[in-house]
């Protein structure tokens, strides 16, 4: 531990020069310049200012913009009441994107949780090379999503992609599939890419949850002759449930915002078959420059996400109450 | 797997482990191999994992034609600045919440966490207007300010979690010695938290390095565009240059992977603490 006399402490510290007299006062002697009660406020201010200006202000401002006809082309900005939302309600493109987003969120969250759980159960056992496997699992997570997107563009390329080659030679398909170039399979390709990128990380989160299950419990079950499946179903899964649900919630909220993957791989196409709420908002905002209507789309998205979060939390609370 | 007989059990186990390894590393290994293969070999119809003949043509294209190093430089400036700002602001906040008497600190932590759940697309429009009014489009400043707020929740949470594990007796002892609030943070808490600072710094760095949406909206030329934007725009007129893309991917991902593998234990611990355990 590095203790130093106070005089050097204040000279080494960029902030303490101005406040050194009060710093010395904390907390036994009453300070001369700054009361101790002010310290938390001072230390929290930078974080509060940052989050307030870059997160809260835009949300509130976006909410306001969604009630205006703001456009960067016509330079208008007038209050137009609910007209943007009425337009949204009858906008087929919006609902198209809404359903795609919901489907993507649902499918990727479920797949990632289930496959992630499987991976975690394997990693829970002791075997040679476990450290290597665990380290490798961080690779998809660390890779920039744009790179993942391009990488899957090459893996799933309709002509020379290696996935087509493998499937063709394994006899699983009889001709090349135009994965993300065809409206029928494009969304599936994007879900596969997302599942690839996020599942290993999900598994690592679930693994830490699994490792908190007391081994004595598992030992006792084995003594009683319980089969692996029984142990999993009656001991591990119930104890893992809170971790599983919370990890699922975070994952779902994250999946709901999907942008990079779609924007880079398909740009929402072909024929709008992969358009999600984020890519649609982005296009309305930055292609047509209709900031009013674009904000209405993103506000609707925010409301949907909030609803998902609240529904999930209510379910979680009911589960916890029932467990008691 | 207690019910299975021993040889079968270990067979299933190693098969599963091999599949996970293939899943995690396979695609990137193929991408890496692609970056060293001639376009002719890539489109020949019989893919091969070992480049034959080996070529550096794609790396040449990426750096000379597409000016990859300029994107790398922009990304480095933005990510490093973001990292240090995040650590500075985040450690002040986490220290206040953990060590000083803050009323409703659990509420504050929940608010900070919920901020990170806001859909970023809802922030980008209004922030674009602000940046444009302040003349901050096409500047590092706009990106750094935004990324600070994106990285801050996680940094604050993880550091808070770590500070909570440091014994309170230290505070008492420091107080007796007449060490001030900032002295306690700067000379005692921070030096003790070095492992956690490295992890959170790395997380903040990765967040900024990989961010795409705001970089896409706020920058329009190569002087300020970051790597994700650069790679997203890697296209040729008549065909997709998969080899060049693979080379660029390798250049921007390999350093990240090395860092992550080096700090893997801390990362998993840090993230679990911040994301799952309340």
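Heads up, the Cβ atoms here are built off N, Cα and C, so glycines get one too.
Sequence annotations record features per position, and here TrEMBL assigns domain 'ABC transmembrane type-1' to B:72-263.
Sequence annotations record features per position, and here TrEMBL assigns transmembrane segment to B:12-30 (among others).
The transmembrane segment annotation in TrEMBL covers B:71-96 (among others).
TrEMBL lists B:108-128 (among others) with the feature transmembrane segment.
According to TrEMBL, the transmembrane segment annotation covers B:140-163 (among others). Same-chain residues lying 6 or more positions outside the transmembrane segment (B:140-163) and placing a CB less than 8 Å from one of its CB atoms are 74, 77-79, 81-83, 85-87, 89-91, 93-95, 97-99, 109, 112-113, 115-116, 120, 127, 131, 189, 193, 196-197, 199-200, 203-204, 207-208, 211, 214-215, 218-219, 224, 226, 270-271, 273-275, 277.
Here TrEMBL flags B:184-209 (among others) as transmembrane segment.
Counting residues 6+ beyond its ends, the transmembrane segment (B:245-263) has Cβ neighbours under 8 Å at 28, 31-32, 34-35, 58-59, 61-62, 66, 68, 72, 75, 198-199, 202, 206, 209, 227, 230-231, 234 in the same chain. Taken from TrEMBL, the feature transmembrane segment applies to B:245-263 (among others).
Long-range contacts of the transmembrane segment (B:184-209) within the same chain, counting only residues at least 6 positions beyond its ends with a Cβ under 8 Å from a Cβ of the stretch, are 75, 78-80, 82-84, 86-87, 90-92, 95, 99, 143, 147, 150-151, 154-155, 158-159, 162-163, 166, 170-171, 174-175, 226-227, 252, 256, 259-260, 263, 266-267, 269-271.
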